[in-house]
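For A:12-34, A:46-65, A:72-90, A:96-115, A:127-149, A:169-189, A:219-238, A:258-283, A:295-317, the entry in TrEMBL reads transmembrane segment.
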Amino acid sequence: MSTDIRISRTSNAAKVAAVLGALIVVILIAAPYWAGRADLRLMGEIFLYLALASLWNLLAGYAGLVSVGQQAYVGFGGYMLFALTIFSGLPPLVAIALAGLLGALISIPVAALIFRLRGAYFAIGTWVMAEVFRLVFAQVSALGGGSGTSLPTDIVRSMADGRSAREALSYWLALGAALIVVTAVYLLLRSRKGLALTAIRDNELASASLGIDIWRTKFFVYVVTSGLTAIVGALIFLQKLRISPDAAFSVNDWTAFVIFIVVIGGIGTIEGPIIGTIVFFLLRETLADLGTIYLMVLGLVAIVVMLKAPQGVWGFIRHRFDLQLFPLGYRVERSKDS
Amino acid sequence: MDFVNALVQGTLLGGLYALFAAGLSLIFGVMRLVNIAHGDLIVLAAYLGLTTTVALGVHPLVALIVVVPAMAGIGYVLQRAVLNHTLGDDILPPLLVTFGLSVIIQNALLEGYSADPQKMDAGALETASVALGPLSLGVLPLLTFAIAVAVIAGLQWCFYRTPLGRAFRATSDNQDIAQLMGLNKRHVFGLAMALALAVTAVAGILLGIRTSFDPSVGGGRLIFGFEAVIIGGLGNLWGTLVGGVILGVAQTVGATINPGWQLLAGHIAFLVILAVRPNGLFPRISA
Amino acid sequence: MTQILQLDAVSKAFGAVTVADDLSYGLEEGEALGVLGPNGAGKTSMFNLITGTLKPDAGRITFAGDDITALGAARRSRSGIARSFQVPQPFTHMTVFENAMVAATQSAGLAGREAERLCIEVLDQTELLDKANDRAGGLTLLNRKRLELTRALCAKPRLLLLDEIAGGLTEAECTALIATIKSIHASGVSIIWIEHVVHALMAVVERLIVIDFGRKIAEGEPKAIMDSPEVQEIYLGIEADA
Amino acid sequence: MPDPILKLNGLDAFYGDFQALYGVELSVHEGEVLAIIGANGAGKTTMLRSISGLITNDAAQISYRGQQIGNARPDVVAQMGLAMVPEGRQLFPSLSVEENLMIGGRVNRKGPWNLRRVYDLFPILEERRAQASTSLSGGQQQMVAIGRALMSNPDLIMFDEISLGLAPVIIRDIYKALPGIVGGGMSAVIVEQDITKALAVSSRVYCLQEGRVSLEGRSDTVSRDEIARAYFGVE
């Protein structure tokens, strides 16, 4: 009797989206050949924010770990890039990968400590950890102490010949990071572990009774997210070429804005961070001249969205049109003759 | 001798941290709300104090007469108009909304007062000191500590000896049933936030007399307050004072060893206590 | 026969309220045991102690020869203990099928087609196949209870704990449920069943225990237990002197 | 018959996103004791939570003394004279026994009940007045819960699963005290699993089954068979 039943994990909308998405990716890969230098830089920044937002969304929106201290790993990754290239003479690309690995490693003892805190206290605990990271790096005089340091020019030159080639490489790395992160989050959520995460989000009591180790699952997500965040951090400071404790561990730049992006776009969806990043940069590019007013508007928009439409822009669209571009669920389909 | 001095100065500094923490502890105790904008509200109170002293030409401590009710009013309105809508099982809305508030307050202060550091002028009070054996104790730190003890004693009395405190505890225990007793929880929460921000006003003025401040220093004050709360144990007001003192002492001792280690030493003290006593030293409620 | 579950002097109290008081009993592999007792007697707490949701203050719990007292709920689930909750605990934002998949993948440890096939089979058995794509949050109470049973079965348990699964069902629904539980039992799964609907219980179980204030006050063959005056007074509220 | 003091007019209530009550019609008259029975999940608690304002409904679906209260806040409903003894007692653990009672008296309505009278009704509570409410036995906690509700001098008191988790002898004592509580014009709604007890103290009974009223009648005339049919849906 089960022969006429099949399980589908995709939809027509998702197939269309996949084709369109692939097309857009191809166009974006070609950007260094059609976009100006300033646009390329901006797009690189957009992709890195998209990666940060997708990671924070995985952490908070799926694993329920609302961290306000992810700047710890952004800054850590950035400093590792500088330290490994300057002191160990590693090529930047190797240093970036290693920064991710070290970020994941250091997040293990951090998690062991702050997982003792619950809910909102966990959130502030993560902030304390980020402060500890900042103060520690400010003590390292070889990296410029409190005032920071620049990436030596010979290291920058070693990446590629010529400025435009370097900028193209830096752009592709940012694009690659965003693609890898979004794909990784998507595949993770479709996997067995993703099912566990979604279940935990719905009901911890039932999850534990159905064999899900809640602590371990969250721990796993925290470590993976931290490692990937460190890679993104390394890429951010590869773009900036200069690092200082205050810039590297800025709560506003690497966490507040990222949270606003995710919430405005729609937390707990893969599409949300993408939409949120677009909205964020549209706002920024149109209102940036207003300075502090722009930031107040951003804060206000985030508050209003949270209070009036907590599912964000994508949540609204999905609800209205029953649309999912990254299908995660299962549909049971029965053939007509059953 | 340096060490004893650091111990005493740290203890007195702990009074200020306890004042940062008391409001945080109070609102967490009553409504399980963690207010990310708490530090920025302390800074806001300092600026209100500054404007009051300048406009009326009064001593900063006299400005309390204006700033305390003003902050209490802001607290009540903020709670009723915004924060009450964020309360529920999901921790994200209060966190995000107070994060948004934090960004708004910081930038509004930047807009209004610029990024230049400011300080309140408390005249002779700032430099006055009394000698205690070989130690010289500043009158201002002593006064701060005394005020912290008085504020916490007052909050403790309010919480355990008055009908308002009974309403706070009942609503904290079980919101549904408290409402069946005729308590309007939105109003009760509004009062709790008003009381918390009244304490914040005191903390802000004392901060503004002690050191210079600018719109960006709120985050640090939130973290000190938070650490004092966790060290002392959630929901325990006297524990919060102990937490503040431990934090203050760790910082001043750290600074004695190496000036760059002041803040780091405080954070490390916090992390060590989190590692060995995750519920704090004197826990009263579980988070 | 081999012992599948053994409770040795298990105790648990919350302040002044004792939910398990020196509780001991065993269950043979393949046996079906019924549990009776008034509301608030500690029956659900006993399940929480067996599944690891609660940690006992004292005593020992052995499952399939292993001491599981210190294990968490997840490990116990994977080792073959499944339960249905008295107050259904669906994953409300997931579909019925996805709810089942959680059990099949996380507890039974199946993957891919194998997991999907098991879920379809069980959903067919529990009459939820038509609702497979519905969000669990929108189900009626009856279907929520069916979902509880579905998830427990998708975990491929050796020991199945049923908590008031028949409460609130109509006679016809109850009859169908009894048939389902009988067939689960016939397939070799050991069962402990807490139930107020006594006739449903009597149709399936081979042995009864009665619990009150966390204590085991009677144990034995179902008919004999139901006829004892002590049980009648405590459980049915019929006063001995009335 | 005079107008009922409380009336449910086709109450549809939701428990989360699932509908627990379907068009329930029910009325309570001045001074009467009404019993509501039904299996687990039949919707009894949802009904009491709706009446007390903890679940918000359409305004017109619940009326109290002619006023529409379906969407009124719980504290407003309490001020109007409706009190509830919740399932599982639900005392305030951070308050002492006496403070629990005093918070019940916050609804400052005129009437015979005060601390003195509650202590006269349950003398053991006066001995334990300064203790934490969590240190009491289940039966004593139930006394505090009842006393706490009485302190507001309600016109209508609702008991949710009054005998849940209590020893038979304690349940007997509490039911013995009931006439002294609900006499003097106070109306009462009693939700109870123990059908015998419910019928013995009430004048009328409603049975709920899957969110609908399956039986309504006088407690002294309904037959066991009728109840069994209404309770389990036996055909």
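Glycine is no exception: its Cβ is also placed from the backbone N, Cα and C atoms.
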Run the contact check on the transmembrane segment (A:219-238) against the transmembrane segment (A:169-189): 3 or more C-beta pairs under 8 Å, excluding pairs closer than 6 in sequence.
yes
Can you see whether the transmembrane segment (A:127-149) and the transmembrane segment (A:72-90) are touching - at least 3 CB pairs under 8 angstroms, only pairs 6 or more apart in sequence?
yes
Which bits of the chain, at least 6 residues beyond where the transmembrane segment (A:258-283) starts or stops, bring a Cβ under 8 A of a Cβ in it?
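Counting only partners 6 or more residues beyond its ends, the transmembrane segment (A:258-283) has Cβ contacts under 8 Å with 42, 46, 49-50, 52-54, 56-57, 60-62, 68, 70, 182, 185-186, 189, 201, 294, 297-299, 301-302, 305-306, 310-316, 318, 324-326, 328.
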Mind checking which residues of the chain, 6+ beyond the ends of the transmembrane segment (A:46-65), have their Cβ under 8 Å from one of its Cβ atoms?
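Residues 74, 122, 174-175, 177-178, 181-182, 185, 188-189, 194, 197-198, 200-201, 217-218, 221-222, 225, 228-229, 232, 235-236, 239, 254-255, 257-259, 261-262, 265, 267-270, 272-274, 276-277, 280-281.
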